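Undergrad: Mind having a look at this structure? Questions to follow.
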Amino acid sequence: MTPVARVSAAIEILDDVMAGESAERVLTTWARGHRFAGSKDRAAIRDYVFDALRCLRSYSWLGGAGGVTGFGDGDETPPTGRQLMIGLLRATDVPLDTMFCEARFAPSPLSDAEQALPDLGQAPRAVQLDCPNWILPLYDAALGADADAILASTRHRAPVFLRVNTGKASVAGAQDALLADVIETTPHALSATALQVTKGGRAVARSQAYLDGLVELQDAGSQALVDALPLAADMRVLDYCAGGGGKSLAMAAKADITITAHDIDPARMQDIAPRADRAGVSIQTATTKDLAADYDLVLCDAPCSGAGSWARAPQAKWQLTPERLATLTKIQANILQEAAPLVAKGGILAYATCSLFEIENTAQIKAFLLQNSDFTLSTERLITPLEGGDGFYVAVLIKNA
């Protein structure tokens, strides 16, 4: 495909996404219907789409749409794919007349109105930071002076991180194995097991190091969260909201523990068995009715807004609404109450989210402790994107003996 054809394809896909479709689903459908598009074409189009979603408001502004209020405010008119691509190309200093032209498969030339250059410096703060208006106060309340820098970080592509499975390889050994598949990495300060991929990120899942279980895809912030858990040999550990098992795998690699993975939707755990087999660890799975009390450590990695990972999943930022956030906070509170009886006396209840908002983090812990006097807060940590990975919160509570 030519560069102009890639832009046209991105416009088509973004129009569907702005109509409410999942970006991943639209990209998959488009690829199936355009078999002629090579892997480089698909990658370039995907980058266009997700870059536009990360910077939806500022690119809308630069594209002449006025910076739309942002999904969730209730009165927004989504920009068109064309407006977003005009804004994206302007922001990246690509001459618009080289992409919007009379060439075959190119989007039509700019109109007189589209040629006007909006001044992003005159846009409201929330537009410049690509944040829905209603969410901006949540960032300010939780992050203070760091709010703008953290929001700015979500406007850029998230790095690819790997966790070294130290049960199978040293960090240096894993790096050497990855190099055999032309994947370059560098250690990351957030965790002793974290490697940041600097070249060849899209090839990781096909690499021999990955297939042999030497490395696993996992954000560095997520690894730092697991590092914060006081794991010890012979513990009985429950991953109460296990999902695909990423944190179960990381915990299993850190200590000789007996670990059980649980999720309210067992289908979410279908990948745990093959992932554990690849990693060379043992993870049991259990349904809710199978859970027994007296676990030494229960991790509740609760469903949340995902605000700490919006650079990685940008569409979620625009799909979140005040009503959905209120629902999530109720779910989080319920999960803590459900998990508390499963913790042995003297044991640990760990609560985690990939959110940065107080309402999902410290406020949940304060409310829980008011209702559960048999627990005491031991430690808590907020990991922000300014540390290089996704944002996470983790609190470690001790159940009184």
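Glycine residues also receive a Cβ, built from the backbone N, Cα and C atoms like all the rest.
Copied straight from TrEMBL:
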type     : residues       : note
ACT_SITE : Cys354         : active site, nucleophile
BINDING  : Asp263, Asp301 : S-adenosyl-L-methionine binding site
DOMAIN   : 150-401        : domain 'SAM-dependent MTase RsmB/NOP-type'
Undergrad: Under 8 Å Cβ to Cβ from Asp263 (S-adenosyl-L-methionine binding site), same chain, six or more residues apart: give me those in sequence order, or none if nothing qualifies.
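TA: In sequence order, the residues whose Cβ lies under 8 Å from that of Asp263 (S-adenosyl-L-methionine binding site) (at least 6 apart) are Cys241, Ala242, Gly243, Met269.
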Undergrad: Tell me the coarse DSSP state (helix, strand, coil) of Asp301 (S-adenosyl-L-methionine binding site).
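TA: In the DSSP reduction, Asp301 (S-adenosyl-L-methionine binding site) maps to strand.
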Undergrad: My understanding is the cutoff is Cβ-Cβ under 8 Å with a sequence separation of 6 or more in the same chain; which residues meet that for Cys354 (active site, nucleophile)?
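TA: Cys354 (active site, nucleophile) has long-range Cβ partners Gly221, Ser222, Cys304, Gly306, Ala307, Gly308, Ser309, Asp390, Gly391, Phe392.
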Undergrad: Compile a sequence-ordered list of residues in the same chain as Asp301 (S-adenosyl-L-methionine binding site), six or more apart from it, whose Cβ lies below 8 A from its Cβ; state 'none' when nothing qualifies.
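TA: Listed in sequence order, they are Asp239, Tyr240, Cys241, Ala242, Gly243, Lys247, Ala352, Thr353.
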